[in-house]
Amino acid sequence: MDQIQIFDTTLRDGEQSPGVNLSTEEKIEIALQLERLGIDIIEAGFAAASPGDLYSIQQIANRLKEVSVCSLSRCVKSDIDKAWEALREAAYPRLHIFISTSPIHREYKLRMSKEQILESVDEMVRYGKSRFPIVQFSAEDAGRTEIDYLCAVVDQAIRAGADVINIPDTVGYLYPDEYAEIFIQLQKRVPNIDRVILSAHCHDDLGMAVVNSLAAVRTGVRQIEGTINGIGERAGNAALEEVIMAIKTREDFFQKKTSIRHSEIARTSRLVSKFTGMFVQKNKAIVGDNAFAHESGIHQDGMLKNKETYEIMTPETVGMDESLLVLGKHSGRHAFKKRLEELGYPQSDEQINVLFTRFKELADRKKEITEEDIIALVEEKIGEGKEFYTLESVQISYGSHSVPTASLRVRDHSSDQLLEEAACGNGSVDAIFKTVDRMIDEKVELIDFKIHSVTHGKDALGEVSVQLEQEEIQVRGRGVSTDILEACARAYLDAINRLLRRKERKTVGCAN
Ligand SMILES: CC(=O)SCCNC(=O)CCNC(=O)[C@H](O)C(C)(C)COP(=O)(O)OP(=O)(O)OC[C@H]1O[C@@H](n2cnc3c(N)ncnc32)[C@H](O)[C@@H]1OP(=O)(O)O
Ligand SMILES: CC(C)C(=O)C(=O)O
């Protein structure tokens, strides 16, 4: 199977991302990781850009012994000299020389005629070749260049000694078929094109960088350029991890392979993100936090039965943590039950149904359900038996100059009636407890009351714990909710239920 070479330009085109400025030490660390990843060619910078860039390329070239290191250069002699100064000690030095070829760049940017550009290509590729063993030539903005002229420029570069011909879609303008057609035409029309390696370099202005790179692979291109996490000038470059995993996952289709160590992908992505300060969006393919996370019940059920129902590659292949079944408002019972088991709370189907109802209520109110939330929900229910009263709703009227009033609706399961009551109190919590006291004919004394937040964030779950006393019986009750006043009502009713269960057991002569 043919091999695709991977050319990484994270340290050059990637560093052109606005706001990114990597130190030499950071660049070396990234370069070492790229080597570990199995990248074939690393474009370490643009030596003529600054003494710092030249120094970084030099340091990287001196350290990396398995991979080819390259510097970008204009068709300018002094740029080529700087590149050679940086790379003369490299194990596999490469010069990457470029000039624009499109009408707009020729006329407005370079102010050069077609002939002048051809002359420059000839002279500078020859000059580069007098120093470097490998010279790569790029026709900047090739995507918007007349095909006849592009063929002439590529022909000139090959005749001058170029080893690699790169065809950049510099402004991310082309559609995959159009980009592929350029390579098809070059392969048909340029003599000796089979003596060079053809390369694709795509930008993501219309979100087509990866698919354009893959379209190029289909035409026989042997080198793909891009960056880790797709960072780069404007909307960025082709994300290499996506190109690489598409080639691997769809090997049946592309019939190509790379020499990448796929399990190093996630680590490389994290390192680049950390040093560049460019965060990876959660839903980013391959390396995003959600790339292997499943939230909806139907998908989770499928995943539990066979992971291939919803995953076309395993997270382990790319070095990501194992797949995640995230519990949220779209989740179903299968995933909920599985998570309870994992947390050490296996439940009967009947208990699952009760807990699942509470879980769904909570999920409607809370963005993310954490493990602590689930534990809190289960522990609230553990030890429960018969429910005498359950809370249906609570409403509080409160103002700094008015008396707090609570109105509660509570289901009385013995009579299957909905009880409604209201009461005032010294505060909202007191009003809630007095309302329950009025509703339920039990004389109890509140002997302890505690509130604490069990989870984090603005939508954290609050837990209320109360202790009630009636004659010699003392019971505790717990309530959990995102609303602390609702948690108070739940805790108070929970304690009443426990009290009534104790009394019932005593009446029938059970041990406590
Ligand atoms: C598509 C790409 O990503 S191309 C790479 C882009 N990356 C960078 O530009 C980063 C590094 N660049 C730099 O540090 C600076 O631009 C330098 C040091 C290279 C040049 O700086 P300056 O000499 O101040 O020139 P400046 O950047 O303002 O303008 C670019 C000049 O190079 C010319 N030029 C641009 N590309 C090329 C080329 N491939 N070959 C020859 N000349 C070129 C422009 O026409 C312009 O020339 P002019 O001064 O005669 O008008
Ligand atoms: C210099 C070339 C390869 C480039 O970065 C581009 O055209 O996007």
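Note: Cβ is positioned from N, Cα and C throughout, glycine not excepted.
In the record from TrEMBL, residues H201, H203, N237 bind Mn(2+); the candidate from D13, D40, D412, D416 listed for the same site is D13. The binding-site residues near ligand 2, defined by a Cβ under 6 Å from one of its atoms, are D13, H201, chosen from D13, H201, N237. Within the region 'Regulatory domain' (390-512), the DSSP-based counts of helix, strand and coil residues read 36 helix, 56 strand, 31 coil. In the three-state DSSP scheme, H201 (Mn(2+) binding site) is classed as strand.
Residue density at N237 (Mn(2+) binding site): 31 other Cβ atoms are found within 10 A of its Cβ, drawing on all protein chains shown.
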